[in-house]
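What Swiss-Prot lists as active site, nucleophile is Cys400. The [4Fe-4S] cluster binding site annotation in Swiss-Prot covers Cys86, Cys92, Cys95, Cys173. Annotated S-adenosyl-L-methionine binding site per Swiss-Prot: Gln276, Phe305, Asn310, Glu326, Asn353, Asp374, in sequence order. For 15-73, the entry in Swiss-Prot reads domain 'TRAM', with the evidence type sequence analysis.
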Amino acid sequence: MAQFYSPNRRVTTRKAIPAKNLTVTVTSLDPFGQGVARHEGKTVFVTGVLPGEQAEVQLTEDKRQFSHAKLKRLLTHSPQRVEPQCPHFTRCGGCQQQHADITLQQSSKTAALMRLMTRETGAELPDASLIAGTPYAYRRRARLALYFQAKEQRLLMGYRQSNSHDLVDIKACPVLRPELEALLQPLRDCLSRLKAVKRLGHVELVQAENGPLLVLRHLDPLHPADEQALRDFAEQQGVSVYLAPDADSLTCLHGDEPVYLVAGLTLAFSPRDFIQVNDAVNQQMVAQALAWLDVQPQDRILDLFCGMGNFTLPLAQRAASVVGVEGVTALVEKGRENARRNALSNVTFFHQNLEDDVTQQPWVAQGFDKILLDPARAGAAGVMEQITRLAPKRVVYVSCNATTLARDSKVLLAAGFTLVNVAMLDMFPHTGHLESMALFLHDTGTRKA
């Protein structure tokens, strides 16, 4: 569902507490980049302070077991503190960790992942590996909110402030791919001249393999002069332009269907389809999944929550046959289209609610040697028991939520699988987002019927 900026939107605020200053020493970072300290036996989370740094902080929230505080003054500085590259850092809510060296960010996220997996599964785990790309200029997709400021008679374009619905009017965004960052000022200029400038919702920027594109969400039908202005902008900047008058409609005003590359394959996608934000990490993630599954020419493989085929089609290049299962009809159709585009005839896509029992489906009858799943944040609770009944030799679980990965892992471990590899995917450097993948092996001698 589309979301729009509203200056009158109610913001929930924490109950004010009496101002209280503390001096604390941070010992670690949590997965979200907050410094973790102890004071009088209680954990204190404080933004902007790194491990080893001592700081004067002010409490903003005081609970029975923990407190939150804001930084007042740094008393010592860590050698792992670096200068943020973004001029909007600390105000913009997009990034939280640009002040921390990238190796510190990655080690903190990896440690948090392993603590969670160990605590929840009770298993003896191998050291986690790291999959990462460049810390800047990585983001190939972004949504910028738009709001016309009547008092100043100017268009604001940017991201939300931290813990606020207010907009930060950005002039630069160094985590964006350079092709997208270069569009910020000319795009702002173009949109500011539209007759519909007061009735714009947001703009999405996407860097496809065949060039950048934008999706403009507008609240009223556009005047022909506005459409022509956008066509002129598209031609001048080499950009494809799509118009979105509502949450469901999409019209190409100028340009070609976007594509991206993965494992040497070309995949077409709709501008609103999900694709991984970080291309470099996606390439490595797919390669790691293929290696962990140890795909053989005789293998029959199942890909659950397959989307448009990001893993499915590279698997089909190597296996005897692959079945992709997805709950979104449009993505199933796009997966089939991409299979035809890449001349892959050994892959079949099915639309299926993965909360249902898929073990009775005809395409399950032959069984599967290996399974890959890449669910959304809610995880795959509804399908884990079905995976154990299929008893594949290998399972690769790709996760955007370590909590649900840990929960679902327990089902596999209880069924006789062994967790042999874990990787932390730094898909979103400088943010608190943590993604991961895990490999489970099953003793074929104990496979269930």
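Just so you know, glycine gets a Cβ as well, placed from its N, Cα and C.
In this view, Asp374 (S-adenosyl-L-methionine binding site) is surrounded by 22 other Cβ atoms within 10 Å of its Cβ, with every protein chain counted. Mapped onto DSSP helix, strand and coil, the domain 'TRAM' (15-73) counts 0 helix, 37 strand, 22 coil.
Checked against Cys95 ([4Fe-4S] cluster binding site), the recorded positions Asn310, Glu326, Asn353, Cys400 differ in C-alpha distance, with Cys400 being the nearest. Once Cβ contacts within 10 Å are tallied over all protein chains shown, the binding-site residues Gln276, Asn310, Asn353 are led by Asn310.
Residue pairs drawn from Gln276, Phe305, Asn310, Glu326, Asn353, Asp374, the listed S-adenosyl-L-methionine binders, are separated by up to 22 Å at the Cα level. Following the DSSP three-state reduction, the secondary structure of Phe305 (S-adenosyl-L-methionine binding site) is coil. One residue stands out among the binding-site residues Cys86, Cys92, Cys95 for having the most other Cβ atoms within 10 Å of its Cβ: Cys95. Taking CA atoms as the reference points, Cys92 ([4Fe-4S] cluster binding site) and Glu326 (S-adenosyl-L-methionine binding site) are 35 Å apart.
Each of the recorded positions Cys173, Cys400 was scored by other CB atoms within 10 A of its CB, and the lowest score goes to Cys400.
Under the three-state DSSP scheme, Glu326 (S-adenosyl-L-methionine binding site) falls in the strand class. When each of the binding-site residues Phe305, Glu326 is scored by how many other Cβ atoms sit within 10 Å of its Cβ, Phe305 comes out lowest.
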